[in-house]
Structure formats: structure tokens, C-alpha cells
Amino acid sequence: MHRSLEKVLLCLLFCLNFVDGSKQHYDDLERLQNDLFANYSTNIIPQKEKTTAVKVKFDIALNQIIDLDERLQTMTTIVWVRLYWSDFRLKWNSSTYGGIKSFVTSSKKVWLPDITLYNNANDNYDKEKEEYYGLTINSNGNIGWFYPTIFKSSCTIDVTYFPFDDQKCILKFGSWSYHGLSLDIFHTGPGDIEAFTDNGEWVLVAMPVTKFITKYRCCPEPYPFITYNVVIRRRTMYYILNFLTPCVLMSALTILGFFLPVESGERMNVGVTVLLSLTVILLLLAEELPATSEVVPLISRYYTITMINVFISIVFTCVVLTFHHHAPTPLPAWVRLFICQWCANALRVKRNSNINESCLPARRFFKNRSMRRHSLGERLYSEENAENATTNPFSDANHSQPPGSASTTSIQLKKLDDRNPNLRRRSNQVSKKSEALDVLVQRTKKDDEKERHVEEWHFAAKVLNRLFMWIVLFLVVFNCLSVLFSAPSAPSSEIVQKLEHKLLSKYDKSVIPKTTLESGVTVTLDLALNQLIDVNKRAQTMTSVIWVRQYWSDHRLRWNSSEYDDVKSIVTQASYLWLPDITLYNNAKDDYNIDKESYHSLTITSDGNISRYFPTIYKSSCRLEVKNFPFDDQVCTLKLGSWSYNIYEMNLFNIGDGDTSSFIANGEWILQGMPSKRHVTKFRCCPHPYVYLTYNIHIKRRSLYYVLNCFMPCLIMMALTILSFYLPSETGERMGVGITVLLSLSIIQLILSDSLPPTSEVPLIVVYYGLTMLNIFMSLVFSCVVLTLYHHTAVPLPRWMRTSLCEWGVKLVRMQQEWIIIQEKRKQIEIKQKFSGNDIITKGAVVNWIPEISLPSQTQTTELITGQSLDERSSETENDFLLSQRYREEDKAQILREEWKFASRVVNKFFMWIIVMAIISNALYVVLKAPRGNFILN
């Protein structure tokens, strides 16, 4: 007991000291700021002497290229600015102020160097926004001011090799008000590009910096400024697919047009359509390029040459069509010699030997008909001569012309007609047929000659078509090759190649670079968390983008820089060298290929030191604690070490905690930190120890998403449950509302459980849903009780119910007035019944007297009908009695039902407040169970 008391007192003393120390630190910091800024003026430059300028160190880190507008020639970037300078007025002795060596304050309290972007192109740029960020002041007066900003700067775009171009955009910074004798600006080195976010259109190549000192015509003093050259290279795949590929396809379509038959009538249409399409695309492309006349972009040249090629193909098509449809005249000698002989032989174009085969039967027919006509005349003439020879020996048959000619045949037929009248008719017919055959023969000869000329022109057109096709094909190929060879390529150095060859010619990358057998290779590892892609709650894995940085030394890769033109470092492919096999021990990616990491380059210095930077995506196992979900913090560990080498072969060290400066904000998680630790352990398999590093990624969940999508529906449904208590019991909807809400919550919980791990730990949100469903079940039970009371039969209330509900309960739910009104109605009914007591007795006697009357006979009944005074009076009295009795009973039953309904209303209101208190208790339970500081809607 005595020891326990001592422990309690020690804890109290420690807490008091801690509180007192925190209060003392706050007082010291407040006193320090009051002393520093008491007589401080933000308008006076901290120039201690007139001849000594304030030295401002300037550094920027390029985080992202938002846009590069080629047409407006502007570049929009996200830049992290870092400024360092010293202010002698802000020095203090840290021992005087509780050991405070630095503090952060508003930049509006301190003099700030007016470093301005000279080539600013943003007319809405407000420099005062930069003053919203704080700065750090050290006890020696050194100040560090870091802030992010968006710069929109002018940039002269060189579109000579667009889209295979590199651009150099300058960011020019300097003081706008102070000359170099008052404020001198320095740079800390090339721009920081480690935190650069990859751009879909541009690749960041480098960001060198240069300082200049110039004088302006306005002022005699020098003005220093520094320029950062943002060197970027365009990613060409988008333009190849969307601009160059359509152009190549249209050029191929132009060549395809030469294969179309001339008779199709589509050749000119194809060429004109292609030309129109290229024109439209070129106009669309021109809208993205600056309206400059200094240079012509490479892609514009390609499109222009392609359009010229298409135009040439259209001209060639026109020539071919002219030859093909030429008049049937003889070919000129030069066409016959140059085209039909030389070009046809060179292009291997052969004549079609089957062209005239269809005309040969007709020619044979007319030739045979002509021969038959001559043989007919000769036969008739010979028969007549034989007949005349017997009668007239002195006939001149032997002196006739030889047969075979047309004149001979005509003379023979004429002689036959003169000598033999019987043959006159036949000779006339033969003569007419002979003349007709002469006309047909002459026409056939002309058609044959015409067809031969047409065939010769067609053949010449065919040869020209083949010749023009090869010419256009050559132009298309030459145009494509000119684009490829015109694109700029990366410069190469013969000295660097010679050095690389010397270093790697006999290098064995399978051998670890140990100098001695005892000493191992020292590898330094650093990780930068760039992005958190996913944290899978169900699979319990984390996927992240990591920038890995490795440093080690290889004695085989040293050289004398003086022997290689003072080359002190080279960049080479990582796959050529021995690489430390740093492996993610808790890897959860089954298709992870470590060889992909060797695709990146590394830097080797002349002293053998190697720096290797590469990005990678790690999918690691992560034990998720879902007890406080969705107000939870998680710690996911990256465990890295060598898989093959023990500590005596490769010793692994970490530079420090993980780098989170380039972390891209995640929509679901907030990065809290990334501490690292070095471990040395032994495994059961091996006698030697192994070293590994752990990086613990602390993340906190953003709860707003789950509050809006999980808690708010639950709260709204609970509000519906409360609202159901206001529904009249006559509607019959109360039970339906409760059951529907219960079903909805069950479905939401089932959907939510799909994303949670199947663990025995019950998440906070599941507990909340379970309690809410229990509340709804209770509300259903309460509604059932209320409806039972509401629809109860008209019997008097039990004494315990009248006492507990109608006397005590009404005071609790503040419904006394309504109960008083019901009791007044009850008293009025009782008074009415009391004053009508005599009538009740009389009519009771009448009631007793009615059964003693005997039934009359038929004759008596007839008499009574005619004289009905007594019986009629008795019947009316009986009816009045029964009706009044019924009304009294109904009034009594009504007041009893009202009492039951009032009891149901009291119970309903009481149950409603119970449900409201349960809902509030559930909400408070969630708030209190959530980790402190996590119940923030961020």
C-alpha cells in the first residue's frame, strides 16, 4: 500500500512538472516574440552596413507542370519556393528564453525579399498570397521561408521539331526593388526535381540554373537575377496515333487509288477526298501551334509534303485518264518508243495478247464472204464460156482478164446478163450483195485499225499508271523517312563511350564488389513515399508508389578523370552492374518482378561511388486494426533487406526517416509520418545475422466520406424511427416504417462488411450499426405495445395502469391537461346518468311488465288496429327506452376507449424519449470510443 501511494505521488508530480514546463515554454516563446518584434519594422531591409548587401539564397523545387500552351506560349507550373537569408535584428540568446533555438511565425511580421518572377504571364497573380505561409527564424538570425505557388510564365516555344521536340522554358527570378548593392541573390544549385510529378505530355529532362548580373538603362547599379531552365521533352505517342498515323494511312490510300480500275470512275474522288481530309486535319493541328512564321513545325512540313504528294497523285491520275480515254489516233513516235518500249520493259508491263481474239472470227467471216463472191462470178462465167465455145469458136473467152479481181467479176457478170436473160435476175442480186460486202469489209478494216489504236493508248496509260504509282510510293516513303531522321536525337560523347567501355568490358555483375574477404559492401538506403494508391481493408494490403534511393561503392568502377577529359561522372544502365538485392520482405504482390527495377539508369562517379534512383510500386501486407474504423489510425510497415547476403557480406544502413516531402495527398488517408529503424536478426536457417530496415508508414483515415455515406444514412433512418412515433395509430404505417428501416440498415451493414476483414475484432461502425438496429427493434416492440393499447376493448383501465400512467406518467411526459379534459368528460356522463335515474326505473318497470301481456287473437288484433291508443303508446315507450339505453352505453364505452387511447399516447411519448436517449447514447459512444483527435471531418 505504501509503494502504491508513492507511485501515485510520483505520477502526480510528473504531470504537474509537465504542465508547468509546457506553460513555461509558451511564456518564453511569447516573451521572445514580444521582445523581437517590439520595435521591428517590416519595411526596412536588414542591411547592417551600407556596403554589405543582404545575401538571399534562392531555391525552387518543380512539383508539377500543369500546362504548356504552345499557342499562347506560356507555361503553368506548381513550384515550391525556398528562400534563405539573415536578419541581424532577429537574433537572441537561446539560454535567455528557455533554450528556444527556433520558432515559426507569420511571414507578415518579418521583412521579406521581393523576389519576383520576371517573365510572369499571369495577370491575376497576387503576390500577397505568398505571405499567408509562415517562416522559421533561428536564434542566429537565419530565416527560412518555404511556400508553394503556381507560376504562369512566358516561354518561347520552338516548334521546329514538333511533336518530337524539346522545350526550354525559363523561370527568371530577381529582386524588383533592390539593386545588387543592397540585395544579392544566389542559387543553391540546380532546381530540385525529386518531387516532380510525372506529366502525361512532358518528360522533365533537367533544370539547370545560372546567375546573371546586368545593368538596365534606367539605373546605374547592377541587378542580379537567376534563371532556371526547365528542359522538357514531349511524349510523342499521342501525336503519332492521332496525327501521323491518319496521315500515313491516307498516303497509303493514295497509293491504293492507282490499283482502282480506270473504268470505275472513283480514282479522282479518292484523291480529292484524301486531300480534303488532310487539309481539315492540318487546320485542326494549326490551332494548337503558335502563329509564328520563324519556323515551320516538322509535323506541318510532313502534312504539307503529304498534301503535295496527294496533289501529284491527282495530276498523275488525270494524265492516266487522259491517255486511257484518248482519241483512236496513232501513237506519237516518242510515246511508242519511251513509254511502250523502254518504260514497259523497265516496269515489266506486258501487253495483253488476248485483246484481239474476239475480233478474229468476224474478220475471217468477211474474208470468206469475199472469196465466195469471186468464186461465184468465175463459176458462172466459166459455165457460159463452155456453152458458147461449142457454138462460136471465135469467142474471146481466152482473152478475158484473169479471175480474182472485182472488175473481172463485174465484167463477167455483165456478159452473163447480156448473153443469158435468165441469169439477169440472179446477177442483179449478186451485184447488190457484192457491194454490201465491200462496204462491210471497209468498215471492218477501219474498226480494226481504230481498236488497235485504242489498245495502244490503253497500254500506254497502263504503263504510265505503273510508273506514277512507283513515283508516289517513293515520295511517301521518303516523306516518312525524312520525318524520322529530322527528329532530334540525344547527343552522344565519344569520351563517355570510351570510358564506359573501359569500365564494363571486363566487369562481372554477378560478383559482389568486396575489397577484402572480411569487409562487406556498405549500402545506404533511403525511401521517399510518393503516393498511397490503395489500402485494402479486406485483403489487408497496402499499395504505394515509392522512390527508392540506393548508395554504395564499387572499387572496380574508379577512374582518373584527368585521363578522360575531366569526366567525373557518367550515367549508365543499371542492368550492366552488380546491384544490391534489396527485397521487400512483406511483399504481397505475386507477379512482382524485381528485374524491372534494373531498367532504370544510375550514376557512377570517378571515385567508384554509385547512386541509384528508381520508382517502384510496392504491394505489402499490412495488419489493419479495424477496431476504431472509420476513425482509425494505421501503421503499415515496409520491411526491406538483402535476401542473399548476410551482414558480413552486405551491410545495410538507412539515412533517416522516410522522405515524405513529395507525398501526393490521398483522398482517404492523411500521412502522419514515416519513421525508419535498422534491425539485425538471425534466422533459423543460417548462422550469420542479417540486417533489414523497417519503414513504418503512419496514416490516419479521413472520416468525412464514411460519416456522409455510412453514419448519415443511419442517423436519417433513426430520425425516421423517431418520426414514426408521431404517426397516428390509425394510419397503420408505424410497423411498416420500422421494419423497412431495419431492413435498410441490415443491407447497408452487409455491404459495409464486404470491405472489412473477416476478423474477430468488431469495428466501431459495426458496433454502432448493431446498437442502431437494436434501437429500431426496441422501437418496433414499443410500437406494438402502443398499438395494442390504442386498439384495446372498451373496459375500464386497470388500477395499476391508471395510477402509474394516468397519475404519475402524465407528469413525467407533461400531459396532465389532456388527462384532466378526459376526466371532465367522464364526470359529465356520470351526472347525466344520475339525473335520468327515475326514467330508468319507470322504463325498467315497463320492461318488466311487457312479458306479462298475452298475445291477442286475430279479431282482437283487428280491433286494436282500428282503436290503437294503448298498444301504440306502449310500443313507443319501449323504443325510447332501448334507444336511450344504447346511447348511454356508447357514451360510457367511448370514454373508456379515450382513456385507453390516452394511455397509449402517454406510453408512446415515453417510448419516444427512450429511443431518443438511446440514439444520443449511441452517438456519444462513437465519439468517445473514437481515438482522440480522429473524430475530425477532414
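Every residue gets a Cβ built from N, Cα and C, even glycine.
TrEMBL does not curate its annotations; it predicts them automatically.
Database features (TrEMBL):
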| type | residues | note |
| --- | --- | --- |
| COMPBIAS | 387-412 | compositional bias 'Polar residues' |
| DOMAIN | 30-236 | domain 'Neurotransmitter-gated ion-channel ligand-binding' |
| DOMAIN | 244-478 | domain 'Neurotransmitter-gated ion-channel transmembrane' |
| DOMAIN | 498-702 | domain 'Neurotransmitter-gated ion-channel ligand-binding' |
| DOMAIN | 712-920 | domain 'Neurotransmitter-gated ion-channel transmembrane' |
| SIGNAL | 1-21 | signal peptide |
| TRANSMEM | 237-261 | transmembrane segment |
| TRANSMEM | 268-286 | transmembrane segment |
| TRANSMEM | 302-323 | transmembrane segment |
| TRANSMEM | 467-487 | transmembrane segment |
| TRANSMEM | 704-727 | transmembrane segment |
| TRANSMEM | 764-790 | transmembrane segment |
| TRANSMEM | 910-928 | transmembrane segment |
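Below 8 A, the CB atoms of the transmembrane segment (467-487) and the transmembrane segment (268-286) form no more than two pairs separated by six or more positions in the chain, fewer than 3 in all. Long-range Cβ contacts of the transmembrane segment (764-790) within its own chain (Cβ-Cβ under 8 Å, at least 6 residues beyond either end) map to 627-632, 706, 710-711, 714, 717-718, 721, 724-725, 729, 734-735, 738-739, 741-742, 745-746, 748-749, 752-753, 756, 900-901, 903-904, 907-908, 911, 914-915, 918-919, 922, 925-926, 929-930. With a threshold of 8 Å between CB atoms, the same-chain residues lying at least 6 positions outside the transmembrane segment (268-286) that come near it are 243, 246-247, 250, 253-254, 256-257, 260, 299-300, 303-304, 306-307, 310-311, 313-314, 317-318, 321. Sequence-distant contacts of the transmembrane segment (910-928), counting only residues of its own chain at least 6 positions beyond either end whose CB sits under 8 Å from a CB of the stretch, comprise 631, 711, 715, 718, 721-722, 725, 764, 767-768, 771-772, 775, 778-779, 782-783, 785-786, 809, 812-813, 935. Over the domain 'Neurotransmitter-gated ion-channel ligand-binding' (498-702), the average per-residue pLDDT in this prediction is 84.
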